[in-house]
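Visitor: Please see the structure below; I have some questions.
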């Protein structure tokens, strides 16, 4: 793991393999902030001119490598564009820092000198240093820098950035792990280890306890697998905390679709169908490590949706923990069933607000793409998360519950249908949210976060590597901070 270091003084004196400087967009050449006067002097006052000659005019996240001249302690200079100075925001800084650190893989030490909020720069640098090591027997390319120094960032900012990045890395590692190496019992143990290390209490319910507790959704979905399902509960209760937020996550460690089996193309991505569970665990661990003054309970339902003689079937009727019955139409709409159980259990603690996170529907990807999560539920909470996501760079968009779609979830033989009658695809993402709303009383502040697209990236950009993204850990932590204040 890359160490973040607080730095101060003139960046020209930075002793590092790579000195990263931020430059603003100009018409014909980049504009240099005053803080880079010493660096520019080492280039004979011609740094902007040299960058322009190489095609860098300061556009956001553009990057140019230069050998460092005499007068600088660093060996190389990376100039990263920050866009227009008047439009500089935290996400621009995070992406620029992440871009630079990813470009510096193979180097030992990096120093970053940007204008703007140094905490945002530190977060972007720490996130950009992530690499999934994988399982290659002869190594996996260049390593991330051992240290990254961030100019202007105090110790508190560096510590927080490191905690956030480490929690996000934990989520990414889990979501990128092959399904044969992270089945429900194994995942439960790994969650226990991570939570215990952060001082968080852990309770694990095995199949026998799930049966005794009436968790019909988790048992139905996990019934087709040789690896029994689990439900894991984390409890963080700092002394004196007043507010209580419940986090709930979908943890399908592999989703074959069950009897309603998926097509082969893309099924390999279903190892990441537990990203919602991983995210809420990561946020809970981060809250504990940061010492946030808010009570947090985290409930994650872990199951493997497989095909066998004991798999649940379309036409089955199952009973959720809260006693409601559900008619099954599609065994590939399994996530909402385990979430219904987990929500029901989480609500028994009477939280002040409850958020559930899931890679729930392909409809989210169609409606909002790969970088914007769908937000459903209470207006206050969906707007809170939309606003926070705008700040963290983990964007979300509130979705409605139209009356015509609500009626599609009616069942003639059970309290609610798992899917729309006749498997209509109308408002597919919204259908999932409507189903979950049946298990949350209207008076409870609640939000459902569908992260099917944003949980994974098919390419690297900014501080995001290809693969699992750790979305939306930082948004959840920021929301918990608001409740703590």
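These residue numbers are counts, starting from 1, taken along the chain as shown.
Glycine too: its Cβ is placed from the backbone N, Cα and C atoms.
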Visitor: Taking 190, 327, 334, 348 as the options, which does TrEMBL list with 250, 255, 273 at the Mn(2+) 2 site?
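Guide: For the Mn(2+) 2 site that includes 250, 255, 273, TrEMBL also lists 334.
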Visitor: Just jot down the residues in the same chain as residue 255 (Mn(2+) 2 binding site), at least 6 apart in sequence, with C-beta under 8 A of its C-beta; none if empty.
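Guide: The answer is 262, 270, 273, 305, 332, 334, 335.
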Visitor: Select the most exposed residue of 250, 262, where exposure means the fewest other Cβ atoms within 10 Å, treating these as the recorded positions.
Guide: 262
Visitor: Compile a sequence-ordered list of residues in the same chain as residue 336 (active site), six or more apart from it, whose Cβ lies below 8 A from its Cβ; state 'none' when nothing qualifies.
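Guide: Listed in sequence order, they are 358, 360, 418, 432, 435, 436.
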Visitor: Calculate the per-residue pLDDT averaged over the domain 'Cytosol aminopeptidase' (330-337) and state the result as an integer.
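Guide: When the pLDDT values over the domain 'Cytosol aminopeptidase' (330-337) are averaged, the result is 98.
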Visitor: Taking DSSP as the reference, which of helix, strand or coil describes residue 334 (Mn(2+) 2 binding site)?
Guide: coil
Visitor: Most Cβ neighbours within 10 Å: which of the binding-site residues 273, 332, 334 is it?
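Guide: Counting every other Cβ within 10 Å of each candidate, the maximum falls on 334.
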